[in-house]
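Visitor: Handing you a structure now.
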């Protein structure tokens with residue numbers, strides 16, 4: 001697939017269309033195998049006739065792989081957010097300010113964005129499975145260390161090392177979904193990965209609020225270590241290698257082997273450019289525009305609600321750590337419902353369009369149609385943020401009010417719809433660079449999310465919550481909605497040519 005810069009968002013689809021169009025020229029044995037395995041040869045991408053090709057794996061095995069990677073992605077954000085209910089206990093334990101304690105989360109947010117740039121080139125050469133195994137084993141060790149820390153400096157070191165170790169799934173997840181699933185089912189499977197990544201942020205403080213309240217802050221790290229070890233066993237016993245050699249020209253000459261030892265699957269020389277190549281995707285409008293739009297929405301419809309809940313709800317309603325953790329249920333419910341709507345419906349539209357486009361492969365499975373669903377997400381994010389800000393501002397001191405959480409759930413719904421839709425669109429445009437896209441999306445999101453907590457408290461204090469919610473909606477409209485509308489307009493015009 002061509003990856004040359006193009007002003008047209010769907011330019012990169014040309015080779016995928018040719019791949020589909022070439023199905024009629026298959027060898028009889030190949031066609032017979034595909035019909036026996038999948039019931040059709042009308043597949044994008046077109047798999048080989050090899051049962052070892054991940055596209056030909058049994059459904060249960062495919063779903064097992066993507067669910068393990070999705071859970072791994074959840075653990076990245078879950079781990080970073082797990083210490084949120086423990087800021088005050090950490091401040092007392094290490095004799096530091098609460099503000100300084102918050103840096104234990106901030107450093108993880110930043111490292112989770114940067115270090116997939118290091119891991120993903122290695123995963124492209126040695127395979128996904130060895131990197132994922134090393135990731136959870138390293139996280140197990142650093143979380144064990146975190147449980148024994150007696151000073152702020154050593155705890156900061158273990159949090160930084162944990163973020164480095166756990167981060168690969170944020171980049172590899174998109175590639176695994178692309179290597180396992182066809183275009184007409186990809187949005188739903190990518191949605192599992194993006195949903196779990198989103199759920200980690202409210203899930204961490206929700207669960208660890210009970211832990212901090214009842215058994216102490218050190219058990220945060222013991223529990224994380226236990227989960228990491230269970231992940232290691234899962235990958236060891238059930239994990240498969242999804243990087244199939246014939247999926248890349250450079251790797252096609254490498255003979256397959258059943259050896260369980262670490263080996264290079266792709267023998268392309270590992271150059272310095274491999275580590276920054278995801279950043280070069282900023283020249284692709286169909287990648288950088290969705291990435292930036294998603295980052296802006298995620299910052300205000302997820303991180304802002306996540307980070308400010310302990311402060312705002314704790315002070316306004318006088319809640320303890322456990323009660324604060326319960327407030328995150330709203331974000332979890334909204335995100336789950338949003339994924340149930342966005343992924344399956346987006347794939348349904350793709351399947352329906354493919355069915356009605358038989359004989360016209362040039363316009364089949366265009367990702368542009370996915371963008372229509374993002375507008376539903378933007379609308380609900382606006383509604384949710386306004387409800388959240390206004391209702392918290394007008395709530396009575398010391399009297400808990402559920403209406404702000406209704407707004408938070410609506411905003412989380414919209415955030416998840418936008419997440420799944422925009423990432424699926426970008427991956428569909430440049431399928432052969434799905435891992436690079438995931439790395440860039442994660443990098444932009446984490447860096448923007450790292451900056452947010454430094455100015456959000458001052459904004460809420462200066463403007464109050466209602467006007468601040470309006471300002472956040474305005475920023476989303478200007479820097480996310482409008483760019484997506486322009487991208488959509490250019491893409492539709494390109495498809496008509």
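Every residue, even glycine, has its Cβ placed from backbone N, Cα and C.
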Visitor: Identify the transmembrane segment range according to TrEMBL, selecting from 166-189, 190-213, 262-285.
Guide: 190-213
Visitor: Under 8 Å between C-beta atoms and at least six residues away from its ends: which parts of the chain pack against the transmembrane segment (468-491)?
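Guide: Answer is 7-10, 285-286, 289-290, 292-294, 296-297, 300-301, 304, 368, 371, 374-375, 378, 381-382, 385-386, 388-390, 418, 422, 459-460.
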Visitor: Taking the transmembrane segment (131-148) as reference, which of 66-88, 100-119, 370-390 has the most Cβ pairs under 8 angstroms?
Guide: 66-88
Visitor: Using a Cβ distance cut-off of under 8 Å, indicate which of 66-88, 190-213, 287-307 has the most pairs with the transmembrane segment (219-238).
Guide: 66-88
Visitor: If we call contact 3 or more Cβ pairs under 8 Å (sequence gap 6 or more), are the transmembrane segment (100-119) and the transmembrane segment (287-307) touching?
Guide: no
